[in-house]
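If you check Swiss-Prot, you get these features:
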- Ser110, Leu111, Leu112, Pro113: (6S)-5,6,7,8-tetrahydrofolate binding site (BINDING)
Amino acid sequence: MTKLIFMGTPDFSATVLKGLLTDDRYEILAVVTQPDRAVGRKKVIQETPVKQAAKEAGLSIYQPEKLSGSPEMEDLMKLGADGIVTAAFGQFLPSKLLDSMDFAVNVHASLLPRHRGGAPIHYALIQGDEEAGVTIMEMVKEMDAGDMISRRSIPITDEDNVGTLFEKLALVGRDLLLDTLPAYIAGDIKPEPQDTSQVTFSPNIKSEEEKLNWNKTNRQLFNQIRGMNPWPVAHTFLKGDRFKIYEALPVEGQGNPGEILSIGKKELIVATAEGALSLKQVQPAGKPKMDIASFLNGVGRTLTVGERFGD
């Protein structure tokens with residue numbers, strides 16, 4: 001039986017962990033995840049999905065603020081683990097820890113070498129990629145730069161957003177890891193170096209990147225909106241107030257970028273640099289998320305054709 005330390009944080013990681021727990025070829029000696037955080041307006045302390053899954057399985061849990069140089073790292077090195085599996089952990093692993101293991105692999109939610117970094121699923125959508133996927137790779141000190149052990153792709157559809165793609169790729173990552181680990185541990189797979197000429201980076205989304213620029217095409221804005229749904233959520237401004245857009249569809253239309261072209265009972269069409277967007281799910285300032293019909297029947301009922309979204 002191979003003894004593992006698992007490291008991860010979000011739902012994606014929890015799905016991978018649960019997959020490992022179903023396979024009796026592996027024993028999880030410990031789980032490492034990010035500390036509990038205060039979330040939302042009420043600052044409610046929330047455990048990570050990986051911590052919740054580990055508690056349900058009765059596993060030992062470590063939550064260092066920073067793994068490098070921590071007492072937790074020293075404890076982990078004394079457990080006698082054969083290897084480490086990480087999936088969206090959110091911290092760099094110290095070389096000292098990596099060197100103490102027979103192997104260390106990462107489940108990364110992109111088709112490397114494209115989309116190294118912390119937001120690969122977001123950027124696959126924002127940049128209009130036709131496919132997404134998961135890469136199992138060896139861990140090295142440089143971020144997401146290790147040799148690739150295996151890859152698996154899935155198509156991106158127009159119905160996908162960050163939420164749906166996260167769910168799909170979590171299952172892909174779980175299955176690919178279970179399919180890959182036995183042969184890799186046995187030495188039957190020769191990892192492949194990444195082509196450095198094809199590397200792109202997908203760092204965590206910055207707040208300024210959430211703002212919509214109506215001087216882009218309808219397709220570009222469609223990809224930005226779904227590439228931030230359900231988090232961190234794209235926004236614009238309406239009458240000086242922040243206005244979040246969760247869902248929109250590219251449609252035909254022509255006008256000044258940001259201009260309202262038409263208003264119906266269940267339709268709000270806004271011009272872009274090329275074509276237009278039909279807004280479907282929005283959140284006005286100080287209000288909950290709502291469909292466009294509810295918005296137009298409520299706080300949006302005073303809108304008129306010709307008004308503008310934007311600064």
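Glycine residues also receive a Cβ, built from the backbone N, Cα and C atoms like all the rest.
On the structure: features taken from Swiss-Prot.
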| residue | record | contacts (Cβ under 8 Å, 6+ apart) |
| --- | --- | --- |
| Ser110 | (6S)-5,6,7,8-tetrahydrofolate binding site | Arg116, Pro120, Ile121, Ala124, Ala132, Gly133, Val134, Thr135, Ser202 |
| Leu111 | (6S)-5,6,7,8-tetrahydrofolate binding site | Glu131, Ala132, Gly133, Val134, Thr135, Arg151, Ser153 |
| Leu112 | (6S)-5,6,7,8-tetrahydrofolate binding site | Thr135, Met137, Asp144, Met148, Arg151, Gln194 |
| Pro113 | (6S)-5,6,7,8-tetrahydrofolate binding site | Gln194, Asp195, Thr196, Gln198, Val199, Thr200 |
**Report entry** Chain-mates of Ser110, Leu111, Leu112, Pro113 with C-beta within 8 Å of site centroid, (6S)-5,6,7,8-tetrahydrofolate
**Finding:** His108, Arg114, His115, Arg116, Pro120, Gly133, Thr135, Asp144, Met148, Arg151, Gln194
